[in-house]
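One structure below.
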Amino acid sequence: GFVVGHAGLYQALAMFAVAYFIIGMTVLSVCAIATNGALDAGGAYYMISRALGPEFGGSIGIMFFLANVCGSALYILGLVEAVVDSFGIPPGQKSGTGVHVLPQSYWYELLYGTILLALCLVVCLVGASIYAKATFLIFLIVTAVLGTILVSFFATRPLGVPIRMPHHNSSETESGNFTGFSLATLRENLGGGYGVDYTTGQMMSFSSVFAVMLFNGCTGIMAGSNMSGDLKRPSYSIPRGTISAVLFTYLVYNLLAFLMCATCSRTLLQKDYGFLRDISIFPPLVTVGIYAATLSAAMSNLIGASRILYALARDDLFGRALALAKKTSASGNPIMAVILSWLVVQLVLFSGKLNTIAGVVTTFFLLVYATVNLACLALEWASAPNFRPTFRYFSWHTCLLGIAGCCVMMFLISPVSASASLGFLLLLLLALHYLSPSSTWGYISQALIFHQVRKYLLMLDVRKDHVKFWRPQMLLMVQNPRSSPRLIDFVNDLKKSGLYVLGHVELQDLGEGLP
């Protein structure tokens, strides 16, 4: 409702198409890396670090951890807002009536958020199996709610919906309309009509609406890969689960956008983000669905952040700073990483509102997506013998398109946030380059250099040699290079930037030492 209310149907569909194009290219890269042999804990961090080295992997891992932490806090705050909206005492009143019994203030809302976050912590501490069961149950609930909403668009008769617009201690009432299917309503909602977001008081634009839509609706594609260490067959589950989720949500978003634009007035869409409760044939179920969806997203981000932190700690990229996060339970659940992630989310909850950092968090996610595409592109271009993914529906073209799309959208959403994110990434890269211990993962840069050197050597054509560009090619054979430094230096001076091959000659019978 927020997206189509401000952007209109045409621009909303364009936003979905652009967002899912970027996501689609990234998903292809994720599937390619996920099906290329064993995949350990850490998801995107593991993919990037093993392809681009510890500097890139560690810096992107920290940014992805922070993005998941802030995402979890955002969903908790959204859930608190929904709870207070349903059960809170109205502004300007000392006591409520009926179900409106919850006090509203900064500290009370912080308390509600802390309780809900503690519930997520308990589920994540028990382990991945109970989390999977809980999210599957939530999936069934949300699917039932979605079915009810779709039926409601057809079954509910036209009605007026009173809208309470809070202004300090008083409330101004407006009215929105659910018209049922109406060609006039559809025409009214085709074009954009950006207005003021009543929750923040800020004027909306294409980039601000797109940032909200992308962050809240499209950043969950790494949820499956983040749990790569907990899956029995990650190379099988991640591609099928991620692709099916992307296709399903894309169809649902487009269908809901059309139904809303054809049945709801722009006033209702812009000024009542909870209007689906008012038009539903069973309003309490919509409320349950909202709670379930936000709680599931909060748990997904919390458990994803803990797995990334555990993988970072296990790789010793930050030394003793993350040593505590290595500890696991008897069943292998990284309980200390879960607790540390919970503490960071709790600290973020003290901000009360995340509007100031939402743009930075969105660019963090986009930067992670761009780097996943970069990792897949580097592996493809290097033609590494060990890069043989069973998923073949990708190419270097899709990787490049994913990188370009992520970078362009970063700067379109917020040039300041994008610049700050890149600056933060550069600082982390430099810190890890000089402070982190050397790794034995191998560096894709060496494979790329070898690939390019081989390619250009094969391009040399002896028929095009010319005396003006002649370079000496020296081959020096010595019995012991350690005892011939002067001879080696002399020939090195003769080569004049030519090709110099040093051979160590071993005098021995070829059959000696063989069984």
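Keep in mind that glycine also has a Cβ here, set from the backbone N, Cα and C atoms.
Feature annotation from TrEMBL assigns domain 'Amino acid permease/ SLC12A' to 1-475. The transmembrane segment feature in TrEMBL is assigned to 12-35, 56-77, 110-131, 136-155, 203-224, 245-269, 289-313, 334-351, 357-381, 393-413, 419-436.
In this chain, the transmembrane segment (357-381) lies close to the transmembrane segment (56-77): three or more C-beta pairs between them fall below 8 angstroms, excluding pairs fewer than 6 positions apart.
The stretches the transmembrane segment (334-351) and the transmembrane segment (419-436) are not in mutual contact, being linked by fewer than three Cβ pairs under 8 Å (pairs 6 or more apart in sequence). Contact counts against the transmembrane segment (56-77), taken as Cβ pairs under 8 Å, peak for 419-436 among the stretches 110-131, 136-155, 245-269, 393-413, 419-436.
Sequence-distant contacts of the transmembrane segment (393-413), counting only residues of its own chain at least 6 positions beyond either end whose CB sits under 8 Å from a CB of the stretch, comprise 18, 21-22, 25-26, 28-29, 31-32, 207-208, 210-211, 214, 359, 362-363, 366-367, 369-370, 372-374, 376-377, 380-381, 421. Proximity of the transmembrane segment (136-155) to the transmembrane segment (289-313) is established through 3 or more Cβ-Cβ distances under 8 Å for residue pairs spaced 6 or more apart. If you count C-beta pairs under 8 angstroms between the transmembrane segment (289-313) and each of 12-35, 110-131, 245-269, 419-436, the highest count goes to 110-131. Non-local neighbours of the transmembrane segment (12-35) in the same chain are 3-4, 44, 47, 51, 206, 209-210, 213-214, 217-218, 221-222, 225, 228, 234-235, 238-239, 242-243, 246, 250, 253-254, 257, 261, 366, 369, 372-373, 375-377, 379, 389-391, 393-394, 398-399, 401-402, 405-406, 409; each lies 6+ residues outside the stretch with a CB under 8 Å from one of its CB atoms. For the domain 'Amino acid permease/ SLC12A' (1-475), the model's average pLDDT works out to 82.
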